[in-house]
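Have a look at the structure below, then the notes.
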Amino acid sequence: MKRNDPNKSIDSNSETSSVGSVETLMSPAFNSLDNASSGMAALHALAKPPVSFSHPVDSSEVQVSTGPSSSSEPKQRLQRSLSFKLDEEVEHTVIRIKRAAYTYDEIEKVYLHVIDDQSDSSDWQCPSMERIIPFLGYIKNYSISDDLLPDILGGLSVACLHLPQGLAYGLLAQLTPISGVYTSIFSVLTYVVFGTVPHMSMGTNAVLSLITAAMVEREADRILADNNLPQSKLGRTQMQTTFPTTSVPSSGGEDERMKIKLGVAMTSTFQCGLVLLLMGLFRMGFLTNYMPSAFVGGFTSAAALHIAVSQIQHVLHIRVPVRSGFGKLPRTLVDVTSNFSNTNLADTAVCIVSATTLVVMDRALNPNIKAKVGVSLPSNLILVILGCFVSYALNLQGTLKIAVVGPITGEFPTPSLPLMDLSVFSGVLHESVLQAVIVFTMSISMAMLMEKIHGYNLDANQELIAYGMCNLFSSFYTVQASSVSPPRTMVLSNSGARTTMNGLPTVLVLLGSVTFISNMFEPLPLATLAAMIIVAVIDILKQIQYVPRIWRVSRTDFIVWVSTWVSTTFGDLEYGIVTGIIIAALGFMVNNQTMRGELVVRSTKEDLLVPGLGRAWTRHLDRIRVFYFPSQLFFANAESFKKQLYEQVFDPTVEEPVVRQSVHGEVIETNDIDTVILDCSAMTYIDIDGLNMLKTVVIRYHNAGIQVMLARCPHFTMETLERGDFFRVLPRSLVFHEVIDALARETSIKLDSSAPVMFMEPTVRRVSTVALLPSHSTFIY
């Protein structure tokens, strides 16, 4: 009877091998297997040309060290070590292991779980105030001598980025530039109290500003139209979109429109903060594990392209409506093309000079200065100061008609409620949830990076609470949604800040800037801010250069990256997020369905299990097959698991039944396979479909005269099998700690103190003749 037994033996004992040098270390079973005719036949059949390599154990470089004993003294097996070199640099030592063969239950009985009294669930206590408000813990343990100076220097360094970025991202969000600075002030101050990562820099974010821009313009159009206001107040192509007004508007229509946009932004910020706070309270920090880096990379790269294109109107000084919805970026480019004839080349020249200055400072000067002095120049702040000075000195607004920031009030904003309008609440809800997802994804990712760099423990749930509180608290002021900024976070990381209280110097600097020296920013060209935004996203745009490498590493990640980028670029941000998550989920399912299991064979030269067929010096154990499935077992791949197992081992549904013979009153099987060992180490999760499939496999193999054994089952999987009545089909005594334990029990190996574990051929064993008939209650539906 022919069985599915591919590559039964590939034993490469060529004439050049010198087995005699290590003959005393190999058991008789190995020596007999090395001379097996079937192995030599398979070797000669496959060797074209003949194999001329030898196993390292057979090498003439084998060296045996015997310690201080005399060379004439008999060499004891346990007193020497065998070493050989596979190459000139790496030395390998043979390992001998002596232990008993255990089932899963025997391990649980011998090696008991020791309960730590401190982790006893009966001693649950209400979380301390320091856990709820981490700021109290920092105050309690704060060291003035060790923490104060690093926190001050770190806070001052990042403040140099907050101020120009706040102005630029307020402009990007189609709000007042000063509103971006207010966003940074209140979010940083709140994170000092509730945050746990010392190097996180909350505040304005380019992606959130881009979403806010489309949202506030759409809602402003709708609200003004619903109130039957004049058409002149509705046009988003009015000069106010190119020259965003601040607290001192140029006309009544612009003033009314800006108030509505600020109210819409506050409402969205409130909703975003509420979503994040609820996520933290419901312990949803684990969701960060389901955001693949390919999705994040494709989305952020496409979002950076949206950000750069949104600044073209300020670079060219033209009137371009703010688009939203599907095809946003292509439609914006069409608008730019149609208005290109109205370009003010002076604004373009200012943008080019500003961008060049910023790149020279960041790429040429700062690396050398930091290498010599240890700190970098605040290039963004220097550019803002130079832009204000040159614009004021040359009167660029009057002489060349260059667009500038304009009047900025120095008053501190008073708290107010978001727009109490049901239509606004419902109209911006999906953007608010989208912003919450982006805040969650980007901020947790940076927090995990800081955790790896600085070695502290991250509490993802507390971080979610902190992000929610940052947005909830600041939503009562004229702000937009806040999130982490990677550049500012890296500045804090490199500055050596020690605690979250580094945010206090940042807040003081920002407050002083908007209160006492706010008039200094009035002549700042908008083209300079646009240059800062474009330069800031260049590195994010460069992520596209890694796409070929992603293709080489993982086809699935490549598809996720490209599909996310395409849908975000030619659709819009929300389309990109939905598409990326769906494609990533489908890729996960496809990968699980296409996961390839493999047979595990053993070496004929040493005590080693090797995965995969077609290897030299390997063969199956007679009558035993070991099958490894490298995945969880659930509804998506349960059928694939059964199919691969039947193809590679034995299909009991189509082949002839096992022939049984009676010998001295005992029933023995004459099949060439009587045992299948399933390596379950990768089955960290098993659902109802996987459980039923495992039961089906066991029953069908049993009725075909083949015994199934399990090995390396995770604890959670064992609990699932127990709850699913799996052990009514397969006794727990056939679940083993390791594959070697199952082999040892099956082949009746006896361990002693003078020999290592060897994979010997199996002895004849009893086989039940009673068919295992599943009842209706065997499977779970």
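Placement of Cβ uses the backbone N, Cα and C atoms for every residue, glycine included.
Automatic prediction, not curation, is the source of TrEMBL annotations.
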**Message:** For the feature transmembrane segment as recorded in TrEMBL, pick the matching range from 373-394, 527-548.
**Reply:** 373-394
**Item:** Among ranges 101-119, 500-518, 709-727, 747-765, whichever one TrEMBL labels transmembrane segment
**Value:** 500-518
**Prompt:** transmembrane segment per TrEMBL sits at which of 290-309, 350-369?
**Reply:** 290-309
**Item:** DSSP-assigned states of the domain 'STAS' (624-746) in counts, ordered helix, strand, coil
**Value:** 50 helix, 29 strand, 44 coil
**Message:** Using a Cβ cut-off under 8 Å, which residues of the same chain at least 6 positions beyond either end of the transmembrane segment (290-309) come close to it?
**Reply:** 172, 206-207, 209-210, 328-329, 332-333, 336, 441-442, 445, 533-534, 537, 540-541, 543-544, 546, 550, 554, 556-558, 560-566, 568-569, 573, 576-577, 580-581, 583-584
**Asked** Along the domain 'STAS' (624-746), what average pLDDT does this model show?
**Response** 85
